[in-house]
Structure formats: structure tokens, C-alpha cells
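What follows is one structure encoded as C-alpha cells, with my remarks underneath.
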Amino acid sequence: APPPVGDQAGGRKVDCFKYNTTGSEFACSRKWQPVCGTDHRTYSNECMFCMLTQNKRFPVRILQDNKCDIECPQYSDMCTMDYLPLCGSDGKNYSNKCLFCNAVLRSRGALFLAKHGQCQSP
């Protein structure tokens, strides 16, 4: 996976004022130029990212200029025991996507995918 663009820990901040021309409504195009937010959701373009994240309880930044490697649509109370390990940016191994996504959501976007598979052991 390509490294995230911008500050490793927090992603890239976007100046959303350039898309919010009227003060209350965004004028977004349908152009497909995907970006991945620190909430691990893919947005169709930077303008849509701004429109859909403006009212989040915590600030969302752009993790990378492309689709997300792992999509984390929502928190899950129950995770399966499937073993498909993912290595988090915190150096911890997560047994599967569900456990990784729950950690991402708890971290409020601070955690991102370092790589598929286990982290290197010391």
C-alpha cells in the first residue's frame, strides 16, 4: 500500500472553504477522483469529502489521494474469529478487518493501515 499523503499521524487537512461557495451549500462535481479519509471511508472527490465530513464529531482529514485500502463503514459490536491479520500504524497486529476498523473508529482517525499481514516482530 502506498504511504499516506501528508502528515503520517493525522493525514492532510483540506481547505473546504473553496468548495462552499454559498456559505451553506457545496457545489460538488461528479468527477471521480477518490480520496480516503482518516475515518477509512472513500469519498468520490475532495469536494464530496468536505460536504460529507463537515458535521462529524471529530475532524476528518485525507489519509491518501485514492480509494481506501481498507473500508471501515461502521463500528461492530461483534467481530468474527477470522484470521486475516492487518498491521496498524501503532505497530499492533489486528486479527481481522473488523477488529482493525473498531480500533480506527476508537482512535478517531489517528490509526491507519501500515500494511496487510502481520507487523514485523522485533
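Each Cβ is built from the backbone N, Cα and C atoms, and glycine gets one as well.
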According to Swiss-Prot, the disulfide-paired cysteine of CYS98 among CYS79, CYS119: CYS79
CYS50: disulphide-linked cysteine among CYS16, CYS28, CYS72 [source: Swiss-Prot]: CYS16
Recorded disulfide partner - CYS28, candidates CYS36, CYS47, source Swiss-Prot: CYS47
CYS87 - recorded disulfide partner, Swiss-Prot, among CYS68, CYS119: CYS119
Disulfide-bonded residues clustered about CYS98 (disulfide bond) [Cα within 10 Å; pool: CYS28, CYS68, CYS72]: CYS72
Per DSSP, three-state class assigned to CYS16 (disulfide bond): helix
Fewest-neighbour residue among disulfide-bonded residues, criterion Cβ within 10 Å, set CYS36, CYS68, CYS79, CYS98: CYS79
Cβ-Cβ distance under 8 Å to CYS119 (disulfide bond), same chain, at least six residues away: CYS87, GLY88, GLY91, LYS92, ASN93
